[in-house]
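Q: Attaching a single structure in structure tokens format; questions to follow.
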Amino acid sequence: MAGCIPEEKTYRRFLELFLGEFRGPCGGGEPEPEPEPEPEPEPESEPEPEPELVEAEAAEASVEEPGEEAATVAATEEGDQEQDPEPEEEAAVEGEEEEEGAATAAAAPGHSAVPPPPPQLPPLPPLPRPLSERITREEVEGESLDLCLQQLYKYNCPSFLAAALARATSDEVLQSDLSAHYIPKETDGTEGTVEIETVKLARSVFSKLHEICCSWVKDFPLRRRPQLYYETSIHAIKNMRRKMEDKHVCIPDFNMLFNLEDQEEQAYFAVFDGHGGVDAAIYASIHLHVNLVRQEMFPHDPAEALCRAFRVTDERFVQKAARESLRCGTTGVVTFIRGNMLHVAWVGDSQVMLVRKGQAVELMKPHKPDREDEKQRIEALGGCVVWFGAWRVNGSLSVSRAIGDAEHKPYICGDADSASTVLDGTEDYLILACDGFYDTVNPDEAVKVVSDHLKENNGDSSMVAHKLVASARDAGSSDNITVIVVFLRDMNKAVNVSEESDWTENSFQGGQEDGGDDKENHGECKRPWPQHQCSAPADLGYDGRVDSFTDRTSLSPGSQINVLEDPGYLDLTQIEASKPHSAQFLLPVEMFGPGAPKKANLINELMMEKKSVQSSLPEWSGAGEFPTAFNLGSTGEQIYRMQSLSPVCSGLENEQFKSPGNRVSRLSHLRHHYSKKWHRFRFNPKFYSFLSAQEPSHKIGTSLSSLTGSGKRNRIRSSLPWRQNSWKGYSENMRKLRKTHDIPCPDLPWSYKIE
């Protein structure tokens, strides 16, 4: 068809497959009563005269020609076989096993060859059945829409097509004569509400749905292009409760469902938490959005329309509860999005939270008896709020507002509160949930769980609700849990942007304020939010996942350290041949940026003389000094003297400490001493920041990390992946490592003990 939408081919294909499974309104359910009596008169009228004719012909044949008796009997049997299969075929068409069995039994005696019955059709899946047995005329539209959507979503129908089919079917049902479905009034002298039998209504709804699907396959109507939907993640569990009393609603194409052509794009999401039974939650999930559209102020004031829809839904369910002796209620929270406006309405303790730029934003305050304004309202009506495991209204319910609960009116009312906010594009997502979630997970924890899940799965949000439900259950929730996460923007792009920029913003900016004791800042940041990782339970399939607290990531950002291109480690394989390979000569290893410690600048000011580097390594015995070269700032290379207060080495390279057991204590006494000849004094600074903040490169070759210090202790931190010149030397080094836990370096006159 000219001008058809691109999705028409997909929709037609779905309708063909759907009709193959949904072969009629009575498939898998109760048969229609009308076609039952049609095949009955056919087998009764024809077979009756046949026995008389056969007997007369047989008598005449026996008198005139006795020898032809066998031929007459054979002809009679052939006639019986020609007449008998007719009722069998009719019974098979009807699908009634009892009539088919009776016809087969009637044809079986005296006959050896009976044709096998035709194969039976596979059983059809049962159709959705309404919960209530009777409804009013005002509730027909909601019931019709719900029955259609249930049946279509069971076959994974696209949301746009499901909304269009449900709207067309509901309109056909509302325009039909519903008087045939009325329940007769009771003759008790009282005037009651006109009620409709829901089973008959359901049969009519499915019949109309089947007819519309058949017509749309042949001639698909011209429909507007489906809108872009908000990505959602939904999960609900019964948890440890005996029954599941939560219900949720997700209508991404609100305009199509109610045939609204002059409105902006609209979406509707709701969570209802029932108590005392599931009837109230089901009723609200079916009828509240229908009552919303029927309000006069809906086009220009959706927030007020939501409040009135809650009130109307509460009043009608209270009437229904009186007719059917129901004693239950439900809390509820609804979010309605129209264009760039977010409208929220709620009764009870079901909640919704907004996350903007990674921060939780409070949109509402739940209705609980411990709220001072709610307590005053209840007491003004003559009720009371008492503590009985929790604050309860009249010692019974722990919520102060709800739909239903007729026996607790007016203390527990159905008046909803509302709130509206403008969506400026910085919003991330919404989390709608019942009290089973929010009683154990606070908003900040929920944000952490979502952010961790998104970064672990590269922005895939399909299992976010499952992760939130699992976090509430693991936190101790035993109530029903329902969670809906509505993403207001593409979180995959948000995660990718954060991976590029977040670590730059959070790592080593400004001065060092943690005393330099940031040992954890040695690894690469592989995730944008490394600080808050939540472990997923095993039943969600995250068994192989590593918690980010085991990753070496920064938990306390420090000052910025700009390291040279060959940062912080002495690679002796890259030194010029004219320079000796010893600790007496070290390359410049560190350069502090703008955030350098003040003491480092003070050292540069005090240093006015450079010592020449000797080309040979002297033997040391006892305490001594040797020069080392460091570049602390931009003033150039400085020669410092490192003094050992106790003997630290003896002999030349490849020799070990003579007293290995005392190496740790000896190394702990290393200090920096800086000399200035013309002032004739020594300055002993105490460093409170690390001079190196990078891991060893782990490449083949000898490397030595710079001296490191902390506010509490001084020590040398090293990593020496020694050169593997020969297998014999490598084996010897490994033997020494296993025996003494020392790492021998062939180019240095001492060894380092592993920390």
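Placed from the backbone N, Cα and C atoms, the Cβ positions cover glycine too.
The annotation region '11 X 2 AA tandem repeats of P-E' is assigned in Swiss-Prot to 31-52. Look at Swiss-Prot and you will find 31-68, 77-101 tagged as compositional bias 'Acidic residues'. The compositional bias 'Pro residues' annotation in Swiss-Prot covers 114-129. Marked as Mn(2+) 2 binding site by Swiss-Prot: D273, D435, D479. Here Swiss-Prot flags 518-527 as compositional bias 'Basic and acidic residues'. Annotated phosphoserine per Swiss-Prot: S535, S548, in sequence order, evidence recorded as similarity to another entry.
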Q: Suppose we draw a 10 Å sphere around the Cβ of D273 (Mn(2+) 2 binding site). How many other Cβ atoms does it contain, all chains included?
A: 29
Q: For the region '11 X 2 AA tandem repeats of P-E' (31-52), what's the mean pLDDT in this predicted model?
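A: Mean pLDDT for the region '11 X 2 AA tandem repeats of P-E' (31-52): 47.
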Q: Compute the centroid of the Cβ atoms of D273, D435, D479, then list the same-chain residues not in that set whose Cβ lies within 8 Å of it, in sequence order, for the Mn(2+) 2 site.
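A: Counting only non-site residues, the set is D246, T331, D349, S350, C434, G436, F437, D439, N480, I481.
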Q: In sequence order, what residues of the same chain, 6+ apart, have a Cβ less than 8 Å from the Cβ of D435 (Mn(2+) 2 binding site)?
A: D273, T331, G348, D349, S350, Q351, P366, D479
Q: In the three-state scheme derived from DSSP, which category covers D435 (Mn(2+) 2 binding site)?
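A: The residue in question, D435 (Mn(2+) 2 binding site), is helix (DSSP, three-state).
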Q: Under DSSP, is D479 (Mn(2+) 2 binding site) part of a helix or a strand, or is it coil?
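A: Its secondary structure by DSSP: coil.
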Q: If you draw a 10 Å sphere around the Cβ of D479 (Mn(2+) 2 binding site), how many other Cβ atoms fall inside it, taking every protein chain shown into account?
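A: Within a 10 Å radius of the Cβ of D479 (Mn(2+) 2 binding site) lie 22 other Cβ atoms.
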